[in-house]
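What follows is a short report on a single structure.
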């Protein structure tokens, strides 16, 4: 048992000193900031300018990628997931142990990219086939990949599993199994949730943009309401968050969700959700107010998404705050000046993406068949040859029917 040396510094013992990471804060500073509200921060204006500058660049880049199309947005999501995985992998990384395990760090990324191939291969497989029908070689290559997609991903995972077993070293078992479990937790909790973002993209760009923008609006409103009016601490896990910021952001987000979602810019026939409905107001409404109001059905759905984004999604941020306190770090990384790491920005977005997909599938997607739904499924799930065979078969069936049936 080690003797107590009273006031002697801890470094005088034989223990190895833990090298503080760039985003780690000492415990005394954590305690000091426990009651340190943003409204009383003397450096808050400098921090605000840095945050605004970074936000302008992020929003500008986001708008550009949206303009470029679906596949570029999917690429952006994958890049974000890579940054998040890197930040979380590094949380439990120990340089001393890694130096005795050459190549072990590559195993994390092997499992990560296997998960990418499996999840996104299922999302994009038939869409890829339908975009390469003009090139026979490429068409055969993509078709073969789709056919053997699941077995390919399975054996890639098994290869990683065997790699892990073969690299086990005596006296390093606990660290290696901890890293193995940590990697799978990241894939399940982080990667799986954020993958719903891509599912929303291919359900329609609107169902990706609306939830993501509501989280952005809520974050910005919470920051500025807390910046200027915050006085009452909201939750101990995140001391700088206040009730004033939370309530102000909730009201702002719900109002923003219900704004007029005009479809005049569309060059196609909008669906039923985007066709206005007219309501006559009762007689007790003041005369200066319009007697008839126009509401899009999608606005009611947007309001429910806004309620979730403002009341429940912030708990993703509270979870991340508790996570950072457990590891005694200020931010997950420093890739975004004024914001921290990519994980710090995406904590609420992941919660929102899952809810948006479930809400869309439960309350918006039609449960009954229609010509549009069947045609969409044919185009997405059948190869070009299968579509042509279906067309010929359907034509033959129609020709064989008696004329009286038409």
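Every residue gets a Cβ built from N, Cα and C, even glycine.
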Quick test of your reading of TrEMBL: among 180-202, 249-271, where does it put transmembrane segment?
180-202
Can you identify, from 56-85, 326-355, the stretch that TrEMBL calls transmembrane segment?
56-85
From 25-48, 145-168, the residue range that TrEMBL assigns the feature transmembrane segment:
145-168
TrEMBL annotation (region 'Disordered') - matching range among 1-25, 101-125:
1-25
Cβ under 8 Å to the transmembrane segment (56-85), counting only same-chain residues 6 or more beyond its ends: which ones?
108-109, 112, 116, 120, 124, 186, 190-191, 194, 197-198, 201-202, 205, 208-209, 216, 332-333, 335-336, 341-343, 346
Beyond the flanks of the transmembrane segment (180-202) by at least 6 residues, Cβ under 8 Å:
70, 73-74, 77, 80-81, 84-85, 88-89, 91-92, 107-108, 111-112, 115-116, 119-120, 123, 127, 164, 208, 211-212, 343, 346, 349-351, 353-354, 356-357, 360
